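So that you can see what the record holds, here are the features copied from Swiss-Prot:
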REGION    6-71  region 'Repeat 1'
REGION    85-145  region 'Repeat 2'
REGION    158-339  region 'NBD1'
BINDING   Gly205, Glu206, Pro207, Gly208, Val209, Gly210, Lys211, Thr212  ATP 1 binding site
REGION    340-549  region 'Linker'
REGION    447-468  region 'Disordered'
REGION    559-771  region 'NBD2'
BINDING   Gly609, Pro610, Thr611, Gly612, Val613, Gly614, Lys615, Thr616  ATP 2 binding site
REGION    772-869  region 'C-terminal'
Amino acid sequence: MDINKMTYAVQSALQQAVELSQQHKLQNIEIEAILSAALNESESLYKSILERANIEVDQLNKAYEDKLNTYASVEGDNIQYGQYISQQANQLITKAESYMKEYEDEYISMEHILRSAMDIDQTTKHYINNKVEVIKEIIKKVRGGNHVTSQNPEVNYEALAKYGRDLVEEVRQGKMDPVIGRDEEIRNTIRILSRKTKNNPVLIGEPGVGKTAIVEGLAQRIVKKDVPESLLDKTVFELDLSALVAGAKYRGEFEERLKAVLKEVKESDGRIILFIDEIHMLVGAGKTDGAMDAGNMLKPMLARGELHCIGATTLNEYREYIEKDSALERRFQKVAVSEPDVEDTISILRGLKERYEVYHGVRIQDRALVAAAELSDRYITDRFLPDKAIDLVDQACATIRTEMGSNPTELDQVNRRVMQLEIEESALKNESDNASKQRLQELQEELANEKEKQAALQSRVESEKEKIANLQEKRAQLDESRQALEDAQTNNNLEKAAELQYGTIPQLEKELRELEDNFQDEQGEDSDRMIREVVTDEEIGDIVSQWTGIPVSKLVETEREKLLHLSDILHKRVVGQDKAVDLVSDAVVRARAGIKDPNRPIGSFLFLGPTGVGKTELAKSLAASLFDSEKHMIRIDMSEYMEKHAVSRLIGAPPGYIGHDEGGQLTEAVRRNPYSVILLDEVEKAHTDVFNVLLQILDEGRLTDSKGRSVDFKNTIIIMTSNIGSQVLLENVKETGEITESTEKAVMTSLNAYFKPEILNRMDDIVLFKPLSIDDMSMIVDKILTQLNIRLLEQRISIEVSDDAKAWLGQEAYEPQYGARPLKRFVQRQIETPLARMMIKEGFPEGTTIKVNLNSDNNLTFNVEKIHE
């Protein structure tokens, strides 16, 4: 027995047989040990053949184990188990060797062991019974005319079934979603496949536009016989390149697998069309020192027309891999797959609607499909239709399905309340005082009411769930019947087709309508139901908002109120700048109502004015109002961009420079957070060439970064602040605080001297901030003191400042040329520092209120007014 004349699988089975003998303490390797090991081998051909012959493999394996247990085990020292081969096991190998010669093979393989076991082993004979001829046929089919010329022949057996999937068969079994549209591309593919030579189309398009769907559409047409005669008997196999490469342990094993696949395709005489998704992976696949890659192995067959192949890849990968190999490129014919428009996407979604309804057990409204196409096109800019729209619908269905499986919010709240009351009840039962007894009585009454409410809600939920389950079951039956109708029509089974089309399907549709009507009558409108089973455009909007951070869902009442009073909210934080506040809040309201220009940012403003009048504060307060946090503001200090080359930091370093992979500070921030306030602070400090980058943002709402990716700025508010013309404003402002026309012209003259006309012309508005008046200062004092009180709240201390003291603070700190900042410093010196000293010295208890007054000497006095109990 020469172990080197056996395949790796047989060698592995013998090794496992030795281990089995050691476990059973047997000196000899028995035939059952070898056969049990062969049956349990990973990816066992022995097991695979028996399973296809409908042999009970588990029972056969148990029979082998039982037989092994009947052999006498040997106990003792220095006994070597599994060192010898039994007479019957030796006969098995000898007989297998004779089968090897009969098949004209070079190595003993698993099928030889199986044939030998069928002749020699009584246990195997008993289970195989009268299926010997069936097994012989299966072995013949699996081998496919191949000879065992290597120690790993299994890779050559049924290579296509192992490393690919039959798309035509999947269509017949109804496993594939329908393909809607793409008729021109499918026809183009069919034309190329019908050529004599170079009949290999390659589908090129962006990720998610439907390249794989075109091949699935071709498979569906083949099943429906809606193809030219030359393609009627064809089948489409999708090659799984990762499976082809995975587990190829030995040198040349990958090439052997690929050759086996290509041999099957070639021997099919053009009946098999090979589909290779991500075909660029062929270039370089399996490449080792001195070995050919997969691409070079395909070239001869492609050129001769022996291999019918459809490839699919993206534009970038085609350029990077295929175009570089011109010999491979010329053997393929390009089919460009463009992104469908919104109307085509809606048609595709309508075609898929029923499949998703049946899978998720929900109802999808048509307006949800329209919203998915339109919103994904407008807001999800880094992906392509129809993929992103289909994902939206799928996610929305999954969301509703998840909600259906859990308790509604109303019932959940009641359950929590009941649990809370029960815990309180058990605690009060241990108390003996009158107050506790009184509370216990009240609590038990409330608990009884809550339990009654809980039972009613639970009953209603169960009823709705039962009716929804009936609807889901009926929809699934209808879907199965429609699939059966397609199969019957394809197979020309007219009697069955007529029965389904005119009997079963109309009856199921009628029953489904009745169930839906009853459900509608009993449960009322969708909004009245405890459990929602309908996907609407609101769910689609919510998911777009989750993915992008852009609020596109319908306005809820709280948000509606917030938007209508946005200017009031901003006025509380920004004092004395009514025009600026109104302009910014109006821009946000226009955008949220959906009537802004969809190709430009929400708003772009240039704020001009002296320092400390609220330019930056307005941007911060806007971010806080819209997003409940100032962190959503992208702040770029333009004083960092004083050099001409600093523009690369905004959009990213060019190729070859350090930091190219990191992206730009502005572009990456907006890509991560497309709905935000962008504050370009102190723009006059930046180099003038930096503003050329802003031209595209302000006009088209987009910017291309250093990697060539387009970043969407259409949902941002761009605010620039500058001190240009502030001296003119300070010198010429009226006593009322109004800015005169001549002052405005003088400021604009200063502005035109600094900014290019094309920048200024693209701004929505240039807003002049007026210097702060004495009246404004008193309001700012209130604001500063409110913030101080918020900080003191943590220590349970509060401060009250008299009106006289407030007026004095505003008057003393008033410096028009510096705005509100001197006031903040003045309050720090006059109130915060003395207060801090008192707190450290005296250590106020919680609940202390400190009153600040102004005495006759114009000095502030601090008195501890009261202590709350």
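The backbone N, Cα and C atoms fix where each Cβ goes, and this holds for glycine too.
What you are looking at is a predicted structure, and each value in this text was computed from that prediction instead of being measured.
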Would the region 'NBD2' (559-771) count as touching the region 'NBD1' (158-339), i.e. at least 3 C-beta pairs under 8 angstroms with sequence separation of 6+?
no
Neighbour count (Cβ, 10 Å) for Thr611 (ATP 2 binding site):
15
Please name the residue among the binding-site residues Lys211, Lys615 whose C-beta has the most neighbouring C-beta atoms within 10 angstroms.
Lys615
Rounded to the nearest Å, what's the C-alpha distance separating Thr212 (ATP 1 binding site) and Gly609 (ATP 2 binding site)? Just drop the number here, would you?
58
Listed in sequence order, residues not in Gly609, Pro610, Thr611, Gly612, Val613, Gly614, Lys615, Thr616 with Cβ within 8 Å of the centre of the ATP 2 site Cβ atoms:
Phe607, Glu617, Thr721, Asn723, Phe769, Gly819, Ala820
Let me check the 10 A CB neighbour count of Glu206 (ATP 1 binding site). How many other CB atoms are there?
17
Out of Val209, Val613, give me whichever of these binding-site residues has the highest number of other Cβ atoms within 10 Å.
Val613
Per DSSP, how many helix, strand and coil residues does the region 'Disordered' (447-468) have?
22 helix, 0 strand, 0 coil
I want to check the contact list for Gly208 (ATP 1 binding site): same chain, sequence separation of six or more, C-beta distance under 8 angstroms. What comes out?
Arg383, Phe384, Leu385, Pro386, Asp387, Lys388
Same chain, not part of Gly205, Glu206, Pro207, Gly208, Val209, Gly210, Lys211, Thr212: whose C-beta falls within 8 angstroms of the C-beta centre of the ATP 1 site? Give them in sequence order.
Ala213, Thr314, Val337, Glu339, Phe384, Asp387
